[in-house]
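For reference, the structure is listed below as structure tokens.
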Amino acid sequence: MSARPKPFAAEPADAKVPPKRKGLAHLFASTSYSISGLKRLSVEPAFRQEIAATILVLGFHALVGSSAVVWLAQGVLLLVLYALEALNTAIEEIVDHVSPRYSDAARNAKDLGSLAVLFALCANGACLPLAFLL
């Protein structure tokens, strides 16, 4: 049987887990965590490129007069893209933290996260022709 893994250097053995918050305190804490996540995501070059592409895509829909259904579909797909980009960034952060050296498993995890983002980008691109159909 293997020994229990040692805590990470950034986490001292005597670190205490903060108490769970309930009610409105939980809601405010969750919102604060989400804002922190958005701040972290905003420094990712890929996310910045996706925001720039979003401006172009929304401009395209405005230019061609897309229907409300197309606007809604595109909006949902963009939110899915941002969510997957956030998850991909989280995967990369965790993998880099627990596996600072190269490993096939780490590479596979990062590649799969990247693939999820690529699928979302393709879905967003597939939504553009709907502007002419609906």
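Backbone N, Cα and C atoms are what each Cβ position is placed from, and that goes for glycine too.
The annotation active site, proton acceptor is assigned in TrEMBL to Glu85. Annotation for Glu85 (active site, proton acceptor): same-chain Cβ neighbours under 8 Å, separated by at least 6 residues, are Leu41, Glu44, Ala46, Phe47, Glu50, Val117, Ala120.
Residues annotated as ATP binding site in TrEMBL: Tyr33, Glu44, Glu92, Lys110, Asp111. Of all the Cβ atoms in the protein chains shown, 15 others lie within 10 Å of the Cβ of Glu44 (ATP binding site).
The divalent metal cation binding site annotation in TrEMBL covers Glu44, Glu92.
Among the features that TrEMBL reports, substrate binding site is placed at Ala46, Phe47, Arg48, Gln49, Glu50, Glu85, Ser114.
According to TrEMBL, the feature transmembrane segment maps to 46-64 (among others).
With a threshold of 8 Å between CB atoms, the same-chain residues lying at least 6 positions outside the transmembrane segment (112-133) that come near it are 46, 50, 57, 60-61, 64, 66-67, 70, 73-74, 77-78, 80-81, 84-85, 87-88, 91-92. Residues or ranges marked as transmembrane segment by TrEMBL: 112-133 (among others).
Below 8 angstroms of C-beta separation, residues 70-71, 74, 78, 81-82, 85, 89, 117, 121, 124, 128, 131-132 of the same chain, each at least six residues beyond the ends of the transmembrane segment (46-64), sit close to that stretch. Binding-site extent for substrate: residues Ala46, Phe47, Arg48, Gln49, Glu50, Glu85, Ser114, maximum pairwise Cα distance 16 Å (rounded to the nearest whole number).
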